[in-house]
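This report concerns only the one structure given below.
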Amino acid sequence: MTRILLVAVALIFFVGPINSAEVYTDQFVVHVEGGAELARELANKHGFEYLGQVFGDHYHLRHKRIAKRSLQRSEEHHRSLEQEPSVRSFSQQTLKRRSKREFRETVLNDPRWSEMWYLNRGKSLDMNVQNVWKKNITGRGVVVTILDDGLEKDHPDLVENYDPQASWDMNNHDPDPQPRYDLVDSNRHGTRCAGEVAAVKNNSICAVGVAFGAGIGGVRMLDGDVTDVVEARSLALNNQHIDVYSASWGPDDDGKTVDGPGELATRAFREGIERGRGGLGSIFVWASGNGGRERDNCNCDGYTNAIWTLSISSATENGLVPWYSEACSSTLATTYSSGSTGERQIITTDLHHGCTSTHTGTSASAPLAAGICALALEANRRLTWRDMQHIVVRTAKPANLHTSDWQKNGVGRNVSHSFGYGLMDADAMVALAKRWTTVPQQKTCMVRAQPLDKYISPKSHVELKLNVNCENVRFLEHVQAKVTLSATRRGDLHIYLTSPAGTRSTLLAQRPLDNSRSGFQAWPFMSVHTWGESPNGRWKLEVHNDGRYFGKATLKEWSLILYGTSEDPDVWSAGAGARPPPQYGDVPSGPHEENEKEAPPTPAAPQTTRKTTTKAPTTLRPSPPPVPISPTAKAFPVYRPMKPPPSLGRPPSDHESLDNFIHSDSRRPVESPQPGLSVHGTRENPARGTGVSSSKPIEGSGAAAHGCGTGRPCLECPYPQYATWSGCVDKCPDGTYPSPPSSSLPLAGSSERTATLTCEHCHYSCRACRGPSDDQCMRCFGDADLVDGGYCQSKVLLARLNTAAVWYKAMTVALMTLCVVIVSVAGLVLVTQTNCLATCCGGPSSSRDATGGRSARYSGLPVHTSTFPEDGVIQAPVTPYHSKDSSTPKMPNVKPYRDDDI
């Protein structure tokens, strides 16, 4: 027993410290003055092998008689080297523990991980996310927000990634997005979507998010009155901090609604893609809709039908089209979600710190897509909103998705109305993002058909053709067919568009539940099916009317809006030359250049008849381009002060690196290091002796040697000029305001400290302002008025509010008048009835008949008398029955109807 204890003590003292002790190798690094030849002679003298030069006079040696791994250094060789006069210093190399910073392929301890089939079943039957995690890409530095009914920010599987700067409560006007709790947990939607994106990994709680390293926020905006301004404020929230907006909502999926974003929300979309993320553009991910059972069409949803959104559909576990899915030509790609009975659903976080395995619908698909976009953004932070759509189109996989409408477009890509270009592949997206070069500038070509009133009789259709020749658009991205038509029954219509390459897009399918007579008023049906094709050639529009009897329709006008590039984005992204990234305020994504063409008058085509087709070819002629859309067009005002986005015209903060400032690669708050200052630079002016004067102003900018303009922010300008992105100016331009001066280090050759004046950006609702908030406006854009001393509010909205107020007052007066009349009439009737009863039925008075006898008075009750009544006196009446007799059956108590009783 004593021997065992001694062995244990020996192990503690001798084996225990091995893990922390240094392990010496057989290699040395010596510093020898005299060159490589002297180092070789030294190595040969002491039995070393000369391995090479490290740098300078440092040389790498190895000794064959020294152990490759030892806990003790070689004292003999240390003494021999110490005695050499040419050796300035030396060191015996020790082993250092280093590990690859990649995802370790271990079994996650999140309890529902094994059930997350859409992430872990492999064999090309998931979205290839684990391969991205192995590359240590988890969404770090990317911020995603969920526009929904709130976010349970203290959920243990979300709290570590919660980002308050990506959150807001638009319903209660405060920064806390916590959902409102009720008995049926009706506000669970946002928390479920957030867990799909950024649930924390390996914390033994619930599940794991696709981008478990990303920041996650929530905007509570659906648990209350949803208005245009609520949507606009949500879409524009902190768009210099938030990278990806995920939305799983839209107009009613009832098969009869045609609706889209209002004026303010549309401007917020434009603000996001033009200015969001420092000019790269916000990424908007949208669920395509759940109206499949009602045979709805997502091209009637103006949010998924917009070119600014990445519209995502769903596929079931078995790769089938779900029963709830809507098919349309604007769907870009697909992720997995729920299906029919027997098919598994989505695992994610739930209210009350819970976990659910029953998240369903396209609501579950959009957050998965948002998480994959976050992974791609970590791989390449310079991706624009159009870059992201290009990458999705090129990497989506149609394999294992089953539908009958797959077709190859003009450039050989498979595309479907149900699945878009296929299932999103995270690994392929990240790999392509790493080597991606920003696509060429977006161009726009508008082709207007000649105005017409084309009658479409029931059970017939018309075909209209346009010959297109766009000089500035050669490679298509989005195509919009803007159609105006009337119809006796809108649901009887279906519309198709065929490109010159033969790709046929269903712009509108029949909607049996749509009985509206409103038709379509310049509705922009959008298709992504012709992505990459050439727009030039003959396009064909088919409008079918399947109405019965008197179900007529009339096509009044239509036009094509073609978005794309003049250069091949495939060649460009393959390395045809790196272009400078877009500057803040540029419009790299909007219709920056436009070309408009209009069809000349053509001979009248014959009227359509039943089961006939009318073809109206059209020849085009160019016309002058319209006035381009102003790049300073802004989204519309919000009505509560919001934290302003960080301006890119500011000088960098004390603890912010210049590279981080210019490129804005990190969206997370910068943590201040320990106190201290490190200044790197040169003692003398580096411009001296180069033949370039350091005081020469930058051409066209007014900045004197302060390194600004041409896409870089001015960090310093001569007093009293202001620093902006474009250069030094004497007065801040519209949309900016002068910030308080901040002191800066003295310039080279000057002993005086200068004051840095900068122009900060106003809130996007202000044309001119005195500060960053939306209540500090001084002037408004033409479609808004200045109210309450500092807010810019829409003239249209104000007019509607005033009109609504007038109608409210009028209706209130009318209702009050009606109530008074009703009460007066009721009182009059009651008084009249009371007087009648008192006159006709009251008192003991009696009357006599002609014979002097007392006459009988009818009491309303049965009268029982004998055959020969005495003295004509009526017998006392007998009560017929009791209304509440014990024999009367009682009505059973009926409980109110509830959905749970189904």
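Cβ atoms are placed via backbone N, Cα and C, with glycine included.
As the structure is a computational prediction, the values presented were derived from the model and not from experiment.
Per TrEMBL, the features are:
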{"type": "SIGNAL", "residues": "1-20", "note": "signal peptide"}
{"type": "ACT_SITE", "residues": "Asp148", "note": "active site, charge relay system"}
{"type": "ACT_SITE", "residues": "His189", "note": "active site, charge relay system"}
{"type": "ACT_SITE", "residues": "Ser363", "note": "active site, charge relay system"}
{"type": "DOMAIN", "residues": "438-568", "note": "domain 'P/Homo B'"}
{"type": "COMPBIAS", "residues": "605-621", "note": "compositional bias 'Low complexity'"}
{"type": "COMPBIAS", "residues": "652-670", "note": "compositional bias 'Basic and acidic residues'"}
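Positions of the features from TrEMBL, shown on the structure.
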{"residue": "Asp148", "record": "active site, charge relay system", "DSSP (3 states)": "strand"}
{"residue": "His189", "record": "active site, charge relay system", "DSSP (3 states)": "helix"}
{"residue": "Ser363", "record": "active site, charge relay system", "DSSP (3 states)": "helix"}
Tell me, what is the mean pLDDT of the domain 'P/Homo B' (438-568)? 95
Reduced to three DSSP states, the domain 'P/Homo B' (438-568) has 3 helix, 72 strand, 56 coil
Could you give the Cα-Cα distance between Ser363 (active site, charge relay system) and Asp148 (active site, charge relay system), in whole Å? 10
How many other Cβ atoms are found within 10 Å of the Cβ atom of Asp148 (active site, charge relay system), counting all protein chains shown? 29
Largest tally of Cβ atoms lying within 10 Å of a Cβ, found at which of the active-site residues His189, Ser363: Ser363
Whole-number Å distance separating the Cα atoms of Asp148 (active site, charge relay system) and His189 (active site, charge relay system) is 7
